[in-house]
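Asker: Here it is, the structure, as structure tokens.
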There are 2 protein chains.
Amino acid sequence: MLPDQKLLRIPGPTPIPPSVKQAMSRPMIGHRSQEASELIQSIRPGLGPLFGTKEEVMIVTGSGTSGLETAVVNAAAPDDEVLVIVTGAFGDRFAKICEAYDLKTHRMDVEWGKAARPEQVEQYLKSHPDIRVVFATFCETSTGVLNPIGEIGKVVQHSSDALFVVDGVSAIGGVEANMDDWGVDIFVTGSQKALMLPAGLALIAVSERAWKKIESNPQHRFYLDLKKYKEKIEGNSTPFTPALSLLFGLRQVLELFEEEGLKQVFNRHKLMMNMTREAFRALQLPLFTSDQDASPTVTAVQPDRFSAEEFRQVIRKEFGLSVAGGQQDLKGQIFRVGHMGYSSPADVLQTISLVEIGLKTIGARFDFGQGVAAAQQVYTNWREQ
Amino acid sequence: MLPDQKLLRIPGPTPIPPSVKQAMSRPMIGHRSQEASELIQSIRPGLGPLFGTKEEVMIVTGSGTSGLETAVVNAAAPDDEVLVIVTGAFGDRFAKICEAYDLKTHRMDVEWGKAARPEQVEQYLKSHPDIRVVFATFCETSTGVLNPIGEIGKVVQHSSDALFVVDGVSAIGGVEANMDDWGVDIFVTGSQKALMLPAGLALIAVSERAWKKIESNPQHRFYLDLKKYKEKIEGNSTPFTPALSLLFGLRQVLELFEEEGLKQVFNRHKLMMNMTREAFRALQLPLFTSDQDASPTVTAVQPDRFSAEEFRQVIRKEFGLSVAGGQQDLKGQIFRVGHMGYSSPADVLQTISLVEIGLKTIGARFDFGQGVAAAQQVYTNWREQ
């Protein structure tokens, strides 16, 4: 509608804050310069708290998937038996990577839209004592489910000697994580979600236990060999040329987190989730996940009386408002609203007000303002706490 | 609330579109270079349509007020008798500039919040036949009034030989203007309102009739001498070093206008005005101007049950939402919401949804979503037309 205005409300990539854009447009520097070294040094201490770990976090230049592959080739030795907990398209991706390396891959498929249950994982591990790595997804972006990684981690620790590897791509930076307490051995995220950056960086936190295996793991790997990254980052450097403009941006992102306070960042995401869910509920649109399984970063809706695709097309064309559709089997069945990263309660209100107009346009019946009012009430209650 | 997010809804300066920001950050060039000359050449044809004139538009580097002073020192000769139609703080400013030059200044004061009536101007001119220049304000930013410049122009033409000078600062680019038809001799605007740029450029359109007087006007002036600007712009240049980054931005603004279509730009502003007014009406907040006198670019509200200042403070502090307060005698009496330039119906909905929460916070009673629903209905009706 307004040229130059894009309302990007997909579950990543997400909008970039102005100060981060500005930071990223600093003049380029040499990646072996003193300035680059200082840049990396300034970033390092801010990364651990995002994962809830005291360990060092590795920075790989690549998409989120490069981070997942890094986890696989470092955590799993050739011919390892592994378990992948698949709750959606990104669990499926973990499994496909494992299969590409000819690992003995067990899939524990969970109905899409539901979270994995720790008991189920426990049972699986007990009946498959040779599993060496367990892979799980924190926020399953394709369904808006947040898996109970803390509880699953406990179960993995108690029922096996397996390493526990978690995809935190659409959660880290928006949802509290406690890697060390939860017993996560490798925790991966990408830059383009709650971290408010363009895609291009994979961040990988690694436990002491995982390092032991990685050191002696004979799996073929070169660019994605975590040993190289560890050796270099301890000297404030990288093994290969890093995406420096993204590192400039990441430093500013960490400053924004510090300014707001991480606790408040996580609370803001929960608030946006609650506002979004109550709004859709008030509009009588079926939510795809239960309150218990819902992620603070993305909400999936499964409309029963209209086409999700027609709706998405209307709001994109009429208001420049982008929400995501369904993936794989859910294509055409759901739409997904992102509320993570550089996103505020004010943005949620704007999204809902436009969603309402879009719904009316395709014939839904309700009173204007109903969804907005529900979200306003959630926001107000939260502020009064 | 969210660091780095500012919701600027004052009647100027207004938010800058991303593509304009990007254009403004081009590498600096010499102001006498071929590139600068091509830049000015590319801008010239797009300016006239904003004012509704076939005449050339002068570009002065300075604030809006420098544009107003330019109009005064070029249109009025020393000791001229002039009439200033004062409908608010910016009419008052025109009068103060005239007085600073010791012109024989008549003020026609109109009650703030109301538009000037052409009959009143006619009467004044008939009883003061020596008036040589009439000054008026198109959109009076301090009250949200749009004066009927077309009708006043006709009256000035029929009842006098005076030049007609108009301050178009918070209107041009957001409200249709027909300078040539309306008989406006000098029409001034600034870059920081509906033109979506930072402050720093004054644009001044001048009629043939005005040029005749300007050529022989003995008034002291140097930087603001329009003759110098005319001579230079005809050769795609400027008499003094121009704000080149703003010119880069202006070129992009004109491209955005072309992309959207000027007619649609003006309709969008009317739509945003109607959405805003109906929302406040639904919330039972008294509008400061009548529908007939209302400007498409800014809406003033005069709350009768709470403090405008307390309300402004709450929404600024809690949501980063800035609206303007009252000026001069209206200080503390009104608040003013800007909806011009890089502003969409989606932004109006966001503003209203936050305004509602702010109102509840200071104790107003109404149902959440009421104002939003009214604005959504206006938008829907407009889209169905």
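Just so you know, glycine gets a Cβ as well, placed from its N, Cα and C.
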Asker: Which stretch, out of B:1-22, B:23-44, B:45-66, is listed as region 'Disordered' by TrEMBL?
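Answerer: Matching range for region 'Disordered': B:1-22.
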Asker: Rounded to an integer, what is the Cα-Cα distance in Å between B:Arg336 (substrate binding site) and B:Lys193 (N6-(pyridoxal phosphate)lysine)?
Answerer: 14
Asker: Report, as a single number, how many Cβ atoms besides its own are within 10 Å of the Cβ of B:Arg336 (substrate binding site).
Answerer: 24
Asker: Just to be sure I understand the packing, how many Cβ atoms besides its own are within 10 Å of the Cβ of B:Lys193 (N6-(pyridoxal phosphate)lysine)?
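Answerer: Excluding its own Cβ, B:Lys193 (N6-(pyridoxal phosphate)lysine) sees 28 Cβ atoms within 10 Å.
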Asker: By DSSP assignment, list the helix, strand and coil residue numbers for the region 'Disordered' (B:1-22), in that order.
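Answerer: The counts are 5 helix, 2 strand, 15 coil.
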